[in-house]
(Lines of atoms letter the chains of each structure in order from A and count residues from 1; the text may use other names and numbers.)
(Lines give C-alpha, C1' and ligand atoms only; values in the text may rest on other atoms or scores of the structure.)
Protein backbone atom coordinates (compact mmCIF):
# COMPACT_ATOMS: atom_id res chain seq x y z
CA UNK A 1 0.00 0.00 0.00
CA UNK A 2 2.80 2.43 0.97
CA UNK A 3 4.57 1.64 -2.32
CA UNK A 4 1.40 2.47 -4.28
CA UNK A 5 1.03 5.74 -2.36
CA UNK A 6 4.70 6.61 -3.02
CA UNK A 7 4.24 5.93 -6.73
CA UNK A 8 1.07 8.05 -6.83
CA UNK A 9 2.91 10.93 -5.14
CA UNK A 10 5.86 10.54 -7.51
CA UNK A 11 3.56 10.43 -10.56
CA UNK A 12 1.69 13.48 -9.36
CA UNK A 13 4.93 15.30 -8.61
CA UNK A 14 6.33 14.38 -12.04
CA UNK A 15 3.17 15.55 -13.77
CA UNK A 16 3.28 18.81 -11.85
CA UNK A 17 6.89 19.46 -12.77
CA UNK A 18 6.38 18.58 -16.47
CA UNK A 19 3.36 20.84 -16.63
CA UNK A 20 5.27 23.60 -14.97
CA UNK A 21 7.84 23.87 -17.76
CA UNK A 22 5.50 26.43 -19.31
CA UNK A 23 7.40 29.69 -18.90
CA UNK A 24 9.89 29.93 -16.05
CA UNK A 25 8.61 29.16 -12.57
CA UNK A 26 10.96 31.66 -10.93
CA UNK A 27 11.25 35.14 -12.44
CA UNK A 28 14.85 35.29 -11.21
CA UNK A 29 15.66 32.87 -14.05
CA UNK A 30 14.41 35.25 -16.75
CA UNK A 31 17.29 36.36 -18.99
CA UNK A 32 15.94 39.90 -19.24
CA UNK A 33 15.24 40.30 -15.53
CA UNK A 34 14.67 44.07 -15.77
CA UNK A 35 12.20 43.90 -18.68
CA UNK A 36 8.58 44.47 -17.72
CA UNK A 37 7.45 43.03 -21.10
CA UNK A 38 9.32 39.77 -20.42
CA UNK A 39 7.86 39.62 -16.92
CA UNK A 40 4.28 40.03 -18.21
CA UNK A 41 4.84 37.60 -21.07
CA UNK A 42 5.99 34.89 -18.64
CA UNK A 43 3.04 35.60 -16.36
CA UNK A 44 0.61 35.40 -19.30
CA UNK A 45 2.08 32.12 -20.62
CA UNK A 46 1.69 30.47 -17.25
CA UNK A 47 -1.77 31.91 -16.58
CA UNK A 48 -3.09 30.51 -19.86
CA UNK A 49 -2.06 27.04 -18.65
CA UNK A 50 -3.82 27.66 -15.29
CA UNK A 51 -0.42 28.07 -13.61
CA UNK A 52 -1.38 30.97 -11.39
CA UNK A 53 1.71 30.87 -9.13
CA UNK A 54 5.26 32.03 -9.99
CA UNK A 55 8.16 32.86 -7.66
CA UNK A 56 10.48 35.84 -7.52
CA UNK A 57 13.05 34.08 -5.35
CA UNK A 58 11.01 33.30 -2.23
CA UNK A 59 8.28 35.86 -2.97
CA UNK A 60 5.15 34.35 -4.54
CA UNK A 61 3.23 36.09 -7.33
CA UNK A 62 -0.39 34.90 -7.55
CA UNK A 63 -2.74 35.78 -10.43
CA UNK A 64 -6.47 35.55 -9.66
CA UNK A 65 -7.90 32.70 -11.82
CA UNK A 66 -11.55 33.80 -11.29
CA UNK A 67 -12.53 30.11 -11.27
CA UNK A 68 -12.14 27.02 -9.09
CA UNK A 69 -8.85 25.14 -9.65
CA UNK A 70 -8.23 21.61 -8.45
CA UNK A 71 -4.95 22.49 -6.72
CA UNK A 72 -6.10 22.80 -3.09
CA UNK A 73 -6.88 19.17 -2.22
CA UNK A 74 -5.69 17.38 0.93
CA UNK A 75 -3.39 15.31 -1.34
CA UNK A 76 -1.78 18.52 -2.61
CA UNK A 77 -1.38 19.75 0.98
CA UNK A 78 0.37 16.54 2.01
CA UNK A 79 2.60 16.76 -1.08
CA UNK A 80 3.96 20.19 -0.06
CA UNK A 81 4.26 19.31 3.62
CA UNK A 82 7.86 19.33 4.83
CA UNK A 83 9.33 19.56 1.30
CA UNK A 84 12.27 21.80 0.37
CA UNK A 85 10.94 25.15 -0.90
CA UNK A 86 12.14 24.88 -4.53
CA UNK A 87 11.62 21.13 -4.89
CA UNK A 88 8.04 21.43 -6.18
CA UNK A 89 6.33 23.94 -8.50
CA UNK A 90 5.35 27.32 -6.97
CA UNK A 91 2.35 27.18 -4.66
CA UNK A 92 0.80 29.07 -1.77
CA UNK A 93 1.28 25.90 0.28
CA UNK A 94 5.05 26.10 -0.24
CA UNK A 95 5.09 29.62 1.26
CA UNK A 96 2.94 28.46 4.20
CA UNK A 97 5.02 25.33 4.77
CA UNK A 98 8.34 27.15 4.55
CA UNK A 99 7.29 29.72 7.18
CA UNK A 100 6.03 26.91 9.43
CA UNK A 101 9.17 24.75 9.12
CA UNK A 102 11.54 27.66 9.80
CA UNK A 103 9.39 28.70 12.78
CA UNK A 104 9.52 25.16 14.22
CA UNK A 105 13.27 24.71 13.69
CA UNK A 106 14.44 28.19 14.70
CA UNK A 107 11.65 28.88 17.22
CA UNK A 108 11.02 32.40 15.89
CA UNK A 109 7.94 34.37 14.81
CA UNK A 110 6.86 34.87 11.19
CA UNK A 111 4.31 36.76 9.17
CA UNK A 112 2.93 36.33 5.67
CA UNK A 113 2.09 39.61 3.98
CA UNK A 114 -0.57 39.19 1.29
CA UNK A 115 -0.82 42.34 -0.82
CA UNK A 116 -2.32 43.49 -4.10
CA UNK A 117 -5.13 45.68 -5.39
CA UNK A 118 -8.80 45.17 -4.58
CA UNK A 119 -10.13 42.00 -6.24
CA UNK A 120 -6.71 40.36 -6.74
CA UNK A 121 -7.50 37.38 -4.47
CA UNK A 122 -5.94 38.30 -1.09
CA UNK A 123 -8.80 37.07 1.11
CA UNK A 124 -8.94 33.70 -0.69
CA UNK A 125 -5.15 33.31 -0.35
CA UNK A 126 -5.39 34.00 3.38
CA UNK A 127 -8.13 31.37 3.80
CA UNK A 128 -6.14 28.77 1.82
CA UNK A 129 -3.10 29.27 4.09
CA UNK A 130 -5.27 28.90 7.20
CA UNK A 131 -6.80 25.69 5.79
CA UNK A 132 -3.30 24.36 5.03
CA UNK A 133 -2.24 24.76 8.67
CA UNK A 134 -5.52 23.30 9.89
CA UNK A 135 -4.98 20.12 7.83
CA UNK A 136 -1.19 19.59 8.02
CA UNK A 137 -0.25 20.61 11.59
CA UNK A 138 -0.26 18.05 14.42
CA UNK A 139 -3.52 18.04 16.39
CA UNK A 140 -5.47 16.42 19.25
CA UNK A 141 -9.18 16.30 20.05
CA UNK A 142 -8.85 19.41 22.24
CA UNK A 143 -6.87 21.26 19.56
CA UNK A 144 -9.51 20.33 16.99
CA UNK A 145 -11.83 22.88 18.68
CA UNK A 146 -9.19 25.63 18.27
CA UNK A 147 -8.67 24.60 14.64
CA UNK A 148 -12.41 24.78 13.90
CA UNK A 149 -12.73 28.16 15.60
CA UNK A 150 -9.79 29.57 13.64
CA UNK A 151 -11.37 28.39 10.38
CA UNK A 152 -14.92 29.49 11.22
CA UNK A 153 -13.93 32.95 12.42
CA UNK A 154 -13.51 33.74 8.69
CA UNK A 155 -17.14 33.37 7.52
CA UNK A 156 -18.38 35.40 10.51
CA UNK A 157 -15.95 38.28 9.91
CA UNK A 158 -16.66 38.16 6.17
CA UNK A 159 -20.42 38.33 6.77
CA UNK A 160 -20.07 41.46 8.92
CA UNK A 161 -16.98 43.02 7.29
CA UNK A 162 -17.14 42.16 3.56
CA UNK A 163 -19.37 43.41 0.76
CA UNK A 164 -19.86 43.28 -2.99
CA UNK A 165 -18.07 46.17 -4.70
CA UNK A 166 -17.57 46.93 -8.37
CA UNK A 167 -14.12 45.34 -8.16
CA UNK A 168 -14.92 42.24 -6.15
CA UNK A 169 -17.98 40.26 -4.98
CA UNK A 170 -16.39 39.55 -1.59
CA UNK A 171 -14.33 42.65 -0.89
CA UNK A 172 -12.85 43.06 2.62
CA UNK A 173 -14.06 46.42 3.90
CA UNK A 174 -11.79 46.20 6.95
CA UNK A 175 -8.18 45.23 7.52
CA UNK A 176 -7.36 41.99 9.32
CA UNK A 177 -4.18 40.74 10.95
CA UNK A 178 -4.44 37.27 12.49
CA UNK A 179 -1.80 35.67 14.69
CA UNK A 180 -1.91 31.86 14.76
CA UNK A 181 -0.20 30.63 17.94
CA UNK A 182 1.73 27.34 17.96
CA UNK A 183 3.08 25.31 20.90
CA UNK A 184 6.58 23.78 21.04
CA UNK A 185 5.34 20.71 19.09
CA UNK A 186 4.15 22.92 16.23
CA UNK A 187 0.44 22.43 16.96
CA UNK A 188 -1.93 25.43 16.55
CA UNK A 189 -3.18 26.23 20.07
CA UNK A 190 -4.78 29.67 19.77
CA UNK A 191 -5.11 32.86 17.81
CA UNK A 192 -5.68 36.59 17.98
CA UNK A 193 -7.20 39.01 15.46
CA UNK A 194 -6.57 42.72 15.06
CA UNK A 195 -9.04 44.60 12.86
CA UNK A 196 -8.50 47.95 11.16
CA UNK A 197 -10.92 50.69 10.07
CA UNK A 198 -14.23 49.06 9.13
CA UNK A 199 -15.85 51.06 6.32
CA UNK A 200 -18.84 52.33 8.33
CA UNK A 201 -20.07 54.70 5.64
CA UNK A 202 -21.17 51.62 3.62
CA UNK A 203 -23.90 51.00 6.22
CA UNK A 204 -25.78 54.12 5.08
CA UNK A 205 -24.56 54.58 1.50
CA UNK A 206 -23.44 52.34 -1.37
CA UNK A 207 -22.29 53.34 -4.86
CA UNK A 208 -24.17 52.10 -7.89
CA UNK A 209 -23.45 48.40 -8.49
CA UNK A 210 -22.38 47.79 -4.87
CA UNK A 211 -24.05 46.25 -1.80
CA UNK A 212 -24.10 46.82 1.93
CA UNK A 213 -22.35 44.28 4.20
CA UNK A 214 -23.27 40.64 3.41
CA UNK A 215 -24.93 39.97 6.80
CA UNK A 216 -28.01 42.09 6.01
CA UNK A 217 -28.83 40.11 2.86
CA UNK A 218 -27.94 36.78 4.52
CA UNK A 219 -30.35 37.48 7.38
CA UNK A 220 -33.25 38.39 5.06
CA UNK A 221 -32.60 35.52 2.64
CA UNK A 222 -31.70 32.77 5.13
CA UNK A 223 -33.29 33.71 8.45
CA UNK A 224 -36.34 31.59 9.28
CA UNK A 225 -39.83 33.08 9.28
CA UNK A 226 -40.13 33.26 13.09
CA UNK A 227 -36.80 35.07 13.45
CA UNK A 228 -37.70 37.70 10.83
CA UNK A 229 -41.12 38.13 12.44
CA UNK A 230 -39.49 38.68 15.86
CA UNK A 231 -37.11 41.25 14.31
CA UNK A 232 -39.92 43.07 12.45
CA UNK A 233 -38.31 42.36 9.07
CA UNK A 234 -39.61 41.26 5.66
CA UNK A 235 -37.70 39.01 3.25
CA UNK A 236 -37.55 41.53 0.43
CA UNK A 237 -34.33 43.66 0.63
CA UNK A 238 -36.01 46.27 -1.62
CA UNK A 239 -38.02 47.35 1.44
CA UNK A 240 -34.93 48.77 3.17
CA UNK A 241 -33.41 52.12 2.25
CA UNK A 242 -29.94 51.09 3.44
CA UNK A 243 -29.90 48.05 1.09
CA UNK A 244 -31.04 49.44 -2.25
CA UNK A 245 -28.85 52.42 -3.09
CA UNK A 246 -26.48 50.29 -5.17
CA UNK A 247 -29.46 48.76 -7.04
CA UNK A 248 -28.10 45.22 -6.86
CA UNK A 249 -29.48 43.60 -3.70
CA UNK A 250 -29.53 40.21 -5.48
CA UNK A 251 -26.27 38.97 -7.03
CA UNK A 252 -26.25 35.67 -8.93
CA UNK A 253 -22.67 34.81 -7.89
CA UNK A 254 -23.47 35.15 -4.16
CA UNK A 255 -25.54 32.50 -2.35
CA UNK A 256 -26.78 34.45 0.68
CA UNK A 257 -28.99 31.58 1.91
CA UNK A 258 -26.11 29.11 1.96
CA UNK A 259 -23.72 31.65 3.52
CA UNK A 260 -26.28 32.28 6.27
CA UNK A 261 -26.21 28.56 7.21
CA UNK A 262 -22.40 28.64 7.45
CA UNK A 263 -22.50 31.76 9.66
CA UNK A 264 -25.14 30.22 11.98
CA UNK A 265 -23.04 27.06 12.32
CA UNK A 266 -19.94 29.15 13.00
CA UNK A 267 -21.64 31.01 15.86
CA UNK A 268 -22.30 27.78 17.76
CA UNK A 269 -18.70 26.57 17.34
CA UNK A 270 -17.13 29.94 18.22
CA UNK A 271 -18.99 29.84 21.53
CA UNK A 272 -21.69 32.47 21.07
CA UNK A 273 -24.58 31.98 23.51
CA UNK A 274 -28.18 32.08 22.24
CA UNK A 275 -28.52 35.40 24.08
CA UNK A 276 -25.48 36.83 22.24
CA UNK A 277 -26.96 35.77 18.90
CA UNK A 278 -30.38 37.21 19.78
CA UNK A 279 -28.84 40.57 20.76
CA UNK A 280 -26.56 40.59 17.71
CA UNK A 281 -29.38 40.08 15.21
CA UNK A 282 -31.47 42.60 17.15
CA UNK A 283 -28.74 45.14 16.37
CA UNK A 284 -28.48 44.14 12.67
CA UNK A 285 -32.28 44.49 12.31
CA UNK A 286 -32.35 47.81 14.19
CA UNK A 287 -29.82 49.26 11.70
CA UNK A 288 -32.26 48.42 8.88
CA UNK A 289 -35.12 50.02 10.83
CA UNK A 290 -33.02 53.18 11.38
CA UNK A 291 -32.59 53.45 7.61
CA UNK A 292 -36.35 53.49 7.12
CA UNK A 293 -37.06 56.32 9.58
CA UNK A 294 -38.41 59.33 7.69
CA UNK A 295 -38.41 62.90 9.00
CA UNK A 296 -40.86 65.63 8.07
CA UNK A 297 -40.87 69.34 8.78
CA UNK A 298 -43.28 70.90 11.29
CA UNK A 299 -44.62 74.47 11.04
CA UNK A 300 -41.43 75.81 12.73
CA UNK A 301 -39.08 74.09 10.29
CA UNK A 302 -38.11 71.44 12.88
CA UNK A 303 -37.79 67.71 12.17
CA UNK A 304 -40.51 65.37 13.42
CA UNK A 305 -41.19 61.63 13.00
CA UNK A 306 -44.83 61.10 11.96
CA UNK A 307 -44.72 57.34 11.35
CA UNK A 308 -43.45 55.68 14.53
CA UNK A 309 -43.40 52.07 13.20
CA UNK A 310 -39.60 51.81 12.77
CA UNK A 311 -38.77 53.56 15.99
CA UNK A 312 -41.02 51.17 17.95
CA UNK A 313 -39.09 48.21 16.56
CA UNK A 314 -35.74 49.85 17.44
CA UNK A 315 -37.02 50.57 20.96
CA UNK A 316 -37.95 46.88 21.37
CA UNK A 317 -34.78 45.39 19.81
CA UNK A 318 -32.27 47.66 21.56
CA UNK A 319 -34.20 47.90 24.81
CA UNK A 320 -34.29 51.71 24.82
CA UNK A 321 -37.06 54.08 25.91
CA UNK A 322 -39.26 55.01 22.92
CA UNK A 323 -39.92 58.69 23.68
CA UNK A 324 -36.29 59.35 24.71
CA UNK A 325 -35.03 57.80 21.44
CA UNK A 326 -37.51 59.86 19.42
CA UNK A 327 -36.39 63.05 21.16
CA UNK A 328 -32.69 62.19 20.67
CA UNK A 329 -33.17 61.76 16.91
CA UNK A 330 -34.86 65.15 16.50
CA UNK A 331 -32.97 67.27 19.06
CA UNK A 332 -29.40 67.98 20.01
CA UNK A 333 -28.35 68.47 23.63
CA UNK A 334 -26.08 71.49 24.05
CA UNK A 335 -24.54 73.01 27.15
CA UNK A 336 -25.43 76.63 27.86
CA UNK A 337 -24.23 78.37 31.04
CA UNK A 338 -23.65 75.09 32.89
CA UNK A 339 -27.08 73.71 32.04
CA UNK A 340 -28.13 71.37 29.24
CA UNK A 341 -30.61 72.64 26.66
CA UNK A 342 -32.37 70.67 23.91
CA UNK A 343 -32.05 72.34 20.52
CA UNK A 344 -34.44 71.10 17.75
CA UNK A 345 -32.84 69.78 14.53
CA UNK A 346 -33.96 70.61 11.00
CA UNK A 347 -34.78 67.72 8.63
CA UNK A 348 -31.27 67.56 7.07
CA UNK A 349 -29.55 67.43 10.45
CA UNK A 350 -32.00 64.80 11.70
CA UNK A 351 -31.14 62.54 8.74
CA UNK A 352 -27.42 63.10 9.50
CA UNK A 353 -28.02 62.15 13.17
CA UNK A 354 -29.93 59.02 12.11
CA UNK A 355 -27.11 57.91 9.78
CA UNK A 356 -24.45 58.72 12.39
CA UNK A 357 -26.12 56.51 15.00
CA UNK A 358 -26.55 53.61 12.49
CA UNK A 359 -22.83 53.82 11.58
CA UNK A 360 -21.74 54.06 15.24
CA UNK A 361 -23.85 51.05 16.25
CA UNK A 362 -22.55 48.90 13.38
CA UNK A 363 -18.91 49.97 13.78
CA UNK A 364 -18.79 49.27 17.50
CA UNK A 365 -20.69 46.00 17.14
CA UNK A 366 -18.04 44.85 14.64
CA UNK A 367 -15.32 45.61 17.22
CA UNK A 368 -17.33 43.68 19.84
CA UNK A 369 -17.56 40.75 17.41
CA UNK A 370 -13.77 40.67 16.88
CA UNK A 371 -13.23 40.77 20.67
CA UNK A 372 -15.76 37.96 21.18
CA UNK A 373 -13.98 35.78 18.58
CA UNK A 374 -10.63 36.59 20.24
CA UNK A 375 -12.04 35.42 23.56
CA UNK A 376 -12.89 32.04 22.02
CA UNK A 377 -9.45 31.74 20.35
CA UNK A 378 -7.44 32.79 23.42
CA UNK A 379 -4.97 30.28 24.80
CA UNK A 380 -4.92 30.46 28.60
CA UNK A 381 -1.71 28.42 28.93
CA UNK A 382 1.23 30.69 29.80
CA UNK A 383 3.99 28.60 28.15
CA UNK A 384 5.90 30.29 25.35
CA UNK A 385 4.25 30.24 21.92
CA UNK A 386 5.59 31.03 18.47
CA UNK A 387 3.29 32.72 15.98
CA UNK A 388 2.69 33.04 12.26
CA UNK A 389 0.82 36.22 11.43
CA UNK A 390 -1.44 36.49 8.36
CA UNK A 391 -2.06 39.97 7.04
CA UNK A 392 -5.06 40.29 4.72
CA UNK A 393 -5.77 43.97 4.37
CA UNK A 394 -7.77 45.98 1.87
CA UNK A 395 -6.05 46.39 -1.48
CA UNK A 396 -5.12 49.57 -3.34
CA UNK A 397 -8.38 51.07 -4.62
CA UNK A 398 -9.27 53.50 -7.40
CA UNK A 399 -13.00 54.13 -7.90
CA UNK A 400 -14.95 56.59 -10.05
CA UNK A 401 -15.32 58.75 -6.92
CA UNK A 402 -12.66 58.30 -4.25
CA UNK A 403 -13.43 59.52 -0.75
CA UNK A 404 -11.94 59.49 2.76
CA UNK A 405 -12.12 55.65 2.92
CA UNK A 406 -10.05 55.21 -0.27
CA UNK A 407 -7.57 57.79 1.06
CA UNK A 408 -7.06 55.68 4.22
CA UNK A 409 -6.96 52.37 2.30
CA UNK A 410 -4.37 53.66 -0.18
CA UNK A 411 -2.27 55.22 2.60
CA UNK A 412 -2.26 51.79 4.25
CA UNK A 413 -1.03 50.23 0.99
CA UNK A 414 1.73 52.85 0.76
CA UNK A 415 2.88 51.81 4.26
CA UNK A 416 2.91 48.12 3.32
CA UNK A 417 4.80 48.85 0.09
CA UNK A 418 7.35 50.75 2.17
CA UNK A 419 7.67 47.75 4.50
CA UNK A 420 8.30 45.49 1.48
CA UNK A 421 10.99 47.88 0.21
CA UNK A 422 12.63 48.22 3.65
CA UNK A 423 12.69 44.47 4.33
CA UNK A 424 13.68 43.25 0.85
CA UNK A 425 15.16 45.58 -1.77
CA UNK A 426 16.81 48.07 0.60
CA UNK A 427 17.98 45.46 3.14
CA UNK A 428 19.30 43.13 0.43
CA UNK A 429 21.36 45.81 -1.34
CA UNK A 430 22.73 47.17 1.96
CA UNK A 431 23.90 43.64 2.77
CA UNK A 432 25.74 43.44 -0.59
CA UNK A 433 27.52 46.70 0.26
CA UNK A 434 28.49 45.46 3.73
CA UNK A 435 29.91 42.24 2.31
CA UNK A 436 31.67 44.05 -0.52
CA UNK A 437 29.83 42.09 -3.22
CA UNK A 438 29.91 43.69 -6.66
CA UNK A 439 26.44 43.95 -8.18
CA UNK A 440 24.46 46.10 -10.55
CA UNK A 441 22.29 48.34 -8.31
CA UNK A 442 18.59 47.86 -9.06
CA UNK A 443 16.78 51.21 -9.31
CA UNK A 444 13.44 51.23 -7.50
CA UNK A 445 11.01 53.89 -6.38
CA UNK A 446 11.20 54.44 -2.62
CA UNK A 447 7.71 55.59 -1.68
CA UNK A 448 8.72 57.03 1.72
CA UNK A 449 8.19 60.46 0.14
CA UNK A 450 4.45 59.69 -0.27
CA UNK A 451 4.10 58.21 3.25
CA UNK A 452 5.64 61.42 4.63
CA UNK A 453 3.27 63.56 2.56
CA UNK A 454 0.34 61.79 4.26
CA UNK A 455 1.56 61.21 7.81
CA UNK A 456 4.31 63.70 8.72
CA UNK A 457 3.71 65.46 12.05
CA UNK A 458 2.36 69.02 11.69
CA UNK A 459 3.07 68.99 7.93
CA UNK A 460 1.29 65.94 6.46
CA UNK A 461 -2.24 65.70 5.04
CA UNK A 462 -3.59 63.93 8.17
CA UNK A 463 -2.26 66.71 10.45
CA UNK A 464 -3.78 69.38 8.20
CA UNK A 465 -7.12 67.51 8.18
CA UNK A 466 -7.09 67.21 11.99
CA UNK A 467 -6.28 70.89 12.35
CA UNK A 468 -9.32 71.81 10.26
CA UNK A 469 -11.52 69.41 12.23
CA UNK A 470 -10.42 70.74 15.61
CA UNK A 471 -10.03 74.48 15.04
CA UNK A 472 -12.71 76.91 16.25
CA UNK A 473 -14.75 78.70 13.58
CA UNK A 474 -16.40 77.50 10.41
CA UNK A 475 -14.21 74.77 8.88
CA UNK A 476 -15.42 73.18 5.64
CA UNK A 477 -14.14 70.63 3.13
CA UNK A 478 -13.16 73.55 0.87
CA UNK A 479 -11.23 75.33 3.62
CA UNK A 480 -9.40 71.99 4.15
CA UNK A 481 -8.55 71.89 0.43
CA UNK A 482 -7.24 75.48 0.56
CA UNK A 483 -5.05 74.58 3.57
CA UNK A 484 -3.63 71.62 1.62
CA UNK A 485 -2.77 73.90 -1.33
CA UNK A 486 -1.10 76.34 1.04
CA UNK A 487 0.93 73.77 3.02
CA UNK A 488 1.75 70.90 0.61
CA UNK A 489 1.02 72.58 -2.72
CA UNK A 490 4.67 72.43 -3.81
CA UNK A 491 4.97 68.65 -3.19
CA UNK A 492 5.80 66.68 -6.34
CA UNK A 493 3.15 64.02 -5.58
CA UNK A 494 0.26 66.40 -4.83
CA UNK A 495 -1.88 68.43 -7.24
CA UNK A 496 -5.25 70.25 -7.31
CA UNK A 497 -7.12 71.97 -10.12
CA UNK A 498 -5.72 75.33 -9.03
CA UNK A 499 -2.12 74.01 -9.02
CA UNK A 500 -2.33 71.85 -12.17
CA UNK A 501 -1.14 72.72 -15.66
CA UNK A 502 -3.75 73.39 -18.32
CA UNK A 503 -3.88 69.80 -19.65
CA UNK A 504 -4.21 68.17 -16.20
CA UNK A 505 -6.69 70.77 -14.95
CA UNK A 506 -9.48 69.40 -17.14
CA UNK A 507 -9.53 66.07 -15.26
CA UNK A 508 -9.62 67.55 -11.71
CA UNK A 509 -12.74 69.11 -10.17
CA UNK A 510 -12.65 72.17 -7.88
CA UNK A 511 -13.35 69.97 -4.81
CA UNK A 512 -10.67 67.38 -5.71
CA UNK A 513 -7.03 66.77 -4.91
CA UNK A 514 -4.81 64.23 -6.63
CA UNK A 515 -2.04 62.09 -5.11
CA UNK A 516 0.58 60.33 -7.22
CA UNK A 517 0.77 57.00 -5.36
CA UNK A 518 3.38 54.30 -6.00
CA UNK A 519 0.65 52.33 -7.81
CA UNK A 520 -0.66 55.24 -9.88
CA UNK A 521 -2.59 58.50 -9.69
CA UNK A 522 -5.74 58.74 -7.55
CA UNK A 523 -8.08 61.73 -7.50
CA UNK A 524 -9.87 62.21 -4.17
CA UNK A 525 -13.06 64.21 -3.69
CA UNK A 526 -12.60 66.28 -0.50
CA UNK A 527 -16.37 66.45 0.16
CA UNK A 528 -17.15 64.57 3.38
CA UNK A 529 -13.51 64.37 4.60
CA UNK A 530 -14.13 66.54 7.69
CA UNK A 531 -17.35 64.81 8.74
CA UNK A 532 -15.90 61.29 8.29
CA UNK A 533 -12.71 62.21 10.13
CA UNK A 534 -14.63 63.75 13.06
CA UNK A 535 -17.10 60.84 13.27
CA UNK A 536 -18.97 62.44 16.18
CA UNK A 537 -22.25 61.29 17.72
CA UNK A 538 -24.62 63.70 19.51
CA UNK A 539 -24.29 63.28 23.25
CA UNK A 540 -28.00 62.59 23.86
CA UNK A 541 -27.94 59.76 21.26
CA UNK A 542 -24.93 58.30 23.07
CA UNK A 543 -26.87 58.49 26.36
CA UNK A 544 -29.73 56.49 24.84
CA UNK A 545 -27.36 53.71 23.69
CA UNK A 546 -25.45 53.66 27.00
CA UNK A 547 -28.74 52.88 28.76
CA UNK A 548 -29.74 50.11 26.33
CA UNK A 549 -30.97 46.78 27.72
CA UNK A 550 -29.27 44.98 24.81
CA UNK A 551 -26.15 43.40 26.35
CA UNK A 552 -23.92 44.02 23.31
CA UNK A 553 -24.94 47.70 23.16
CA UNK A 554 -24.06 48.10 26.84
CA UNK A 555 -20.61 46.62 26.14
CA UNK A 556 -20.15 48.93 23.14
CA UNK A 557 -21.38 52.20 24.68
CA UNK A 558 -20.05 52.51 28.22
CA UNK A 559 -21.59 54.94 30.71
CA UNK A 560 -18.06 56.13 31.61
CA UNK A 561 -17.88 57.70 28.11
CA UNK A 562 -20.49 60.25 29.16
CA UNK A 563 -18.22 61.56 31.93
CA UNK A 564 -15.23 61.90 29.62
CA UNK A 565 -15.30 65.44 28.22
CA UNK A 566 -12.13 65.01 26.16
CA UNK A 567 -12.64 65.04 22.43
CA UNK A 568 -11.89 61.57 20.99
CA UNK A 569 -9.02 61.12 18.53
CA UNK A 570 -9.99 61.67 14.89
CA UNK A 571 -10.50 58.63 12.65
CA UNK A 572 -7.41 59.36 10.49
CA UNK A 573 -5.15 59.74 13.55
CA UNK A 574 -6.49 56.52 15.12
CA UNK A 575 -5.85 54.74 11.81
CA UNK A 576 -2.35 56.22 11.48
CA UNK A 577 -1.46 55.09 15.03
CA UNK A 578 -2.85 51.59 14.52
CA UNK A 579 -0.86 51.26 11.26
CA UNK A 580 2.31 52.38 13.06
CA UNK A 581 1.85 49.64 15.67
CA UNK A 582 1.02 47.08 12.96
CA UNK A 583 4.30 47.91 11.17
CA UNK A 584 6.15 47.48 14.49
CA UNK A 585 4.53 44.05 14.97
CA UNK A 586 5.55 43.01 11.45
CA UNK A 587 9.10 44.39 11.71
CA UNK A 588 9.69 42.12 14.72
CA UNK A 589 8.92 38.97 12.70
CA UNK A 590 10.45 37.05 9.77
CA UNK A 591 8.62 37.94 6.55
CA UNK A 592 7.14 35.95 3.67
CA UNK A 593 5.39 37.68 0.78
CA UNK A 594 2.50 36.90 -1.52
CA UNK A 595 1.76 39.52 -4.17
CA UNK A 596 -1.69 39.05 -5.73
CA UNK A 597 -2.37 40.33 -9.24
CA UNK A 598 -5.67 41.00 -10.97
CA UNK A 599 -5.49 39.80 -14.61
CA UNK A 600 -8.43 41.87 -15.90
CA UNK A 601 -11.11 44.30 -14.70
CA UNK A 602 -14.10 42.10 -15.63
CA UNK A 603 -13.42 39.16 -13.29
CA UNK A 604 -13.13 36.87 -16.34
CA UNK A 605 -11.24 33.55 -16.14
CA UNK A 606 -8.44 32.79 -18.64
CA UNK A 607 -8.07 36.40 -19.75
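Even glycines carry a Cβ here, placed using N, Cα and C.
Curation plays no part in TrEMBL annotations; they are all automatic predictions.
Per TrEMBL, the feature ATP binding site maps to 116, 117, 118, 119, 120, 121, 122, 123. Long-range Cβ contacts of residue 117 (ATP binding site) within its own chain (separation 6+, distance under 8 Å): 167, 395, 396, 397, 519, 596, 598.
According to TrEMBL, the feature domain 'Myosin motor' maps to 23-607.
According to TrEMBL, the region 'Actin-binding' annotation covers 579-601. Mean pLDDT across the region 'Actin-binding' (579-601) comes to 94 in this model.
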Just give the helix, strand and coil counts over the region 'Actin-binding' (579-601), going by DSSP.
9 helix, 8 strand, 6 coil
Neighbourhood of the ATP site (116, 117, 118, 119, 120, 121, 122, 123): other residues with Cβ within 8 Å of the Cβ centroid, in order?
64, 168, 395, 596, 598
Fewest other Cβ atoms within 10 Å: which of the binding-site residues 118, 123 wins that one? Let me know.
118
